Each structure stands twice: as structure tokens, then as C-alpha cells.
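Feature annotations, courtesy of TrEMBL:
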{"type": "DOMAIN", "residues": "24-158", "note": "domain 'Cupin type-1'"}
{"type": "BINDING", "residues": "N68, H73, E78", "note": "oxalate binding site"}
{"type": "BINDING", "residues": "H71, H73, E78, H117", "note": "Mn(2+) binding site"}
Amino acid sequence: MAGEKAFELRLQELIHSNSDFSNSGIKSPGNFKQTGFSSMAVNSNVFPGLNTLGVSFVRADFGVGGINVPHFHPRATEVAYVLEGKIYSGFADTKNKVFAKVLEKGEVMVFPRGLVHFQMNVGDGPATILGSFDSQNPGLMRIPNAVFGSDIKEELLD
């Protein structure tokens, strides 16, 4: 009972209007023309109504051949739903076994917390995924950025 009361008080401090409970940030496609890929996160930073609820979302739009590079979310499991297109999607488990397949409109794939996963549009037109997370702040670590965009000594990467 005390926990519920604290939760209600915390929500009252954070939520100020009806607009805190709705968000149109993922209504339209992102601009993927330059890189072939665009993602728009909807988390508690941009959608206050999600605060303390343990969920967030992402919309990912792909041009033909567009790639969401290998990455992982350290604080969340993701469920990806294909809204349109054909996406080659998969992840590698802790024994480096890859689980992958081409997903079509209406299909879903789960990416367990902390496992490296990827997506690529293999269709003839644009593709869109809606991802949901079991965390209000799933985090994002893109493998290429972490390895090649960091100060890791080059001889370690040879």
C-alpha cells in the first residue's frame, strides 16, 4: 500500500497534462534517405507518461538495403514487430550461435537483454519496425561505434 501511494505521488510530481500520456513522435517515418536507416526512440525522456512504468518504444525505418548495425540494449529485452517490408533480423547468443530469419509484415522477433542483434531491409521497398522494450531506458550500444569510434588502440583491432 505504501509503495502504491509513493508511486501515485511521484506520478503527480512528473505528470502535468493530458499530453504527458500521448506521443506522436513515431507517427511518421524518419529520414532514412542519407544513411538508409532512421530510428526514433520514445522513452521517458520524450514521453513523461512512461516514467516509472518500465516500458519504451522505438520506430525504425529502412530504405532498400538499409541496415541497423549490430548493437545491443544493456538494460532491456526488445520485441520487434514488422509494420511493413521484409527484414532480415537476428541475434547472436552467448555461445555465438546466430538466430536469424527474414521477417515479413506482421511478424515478430524477440532480442533478449544484452545480446547483439541486427536488422537489414531485404525487400524491394521501404520497411518499418516498431520495437518495444521492457525498460523506460533500454540503453543502446552500437558495436561499430564502440569498436571503431572509440580510443581503442589500433593494434588491438588488427
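Just so you know, glycine gets a Cβ as well, placed from its N, Cα and C.
Reduced to three states, the DSSP call for E78 (oxalate binding site) is strand. Counting residue by residue with DSSP, the domain 'Cupin type-1' (24-158) contains 13 helix, 58 strand, 64 coil. Taking the Cβ of N68 (oxalate binding site) as centre and 10 Å as the limit, one finds 23 other Cβ atoms among all the protein chains shown. Contacts of H117 (Mn(2+) binding site) defined by a Cβ separation under 8 A and a same-chain sequence distance of 6+ are given as P70, H71, F72, E78, S89, G90, F91, A92, F111, in order along the sequence.
Neighbour counts of Cβ atoms within 10 Å were compared for the binding-site residues H71, H73, and the top value is held by H73.
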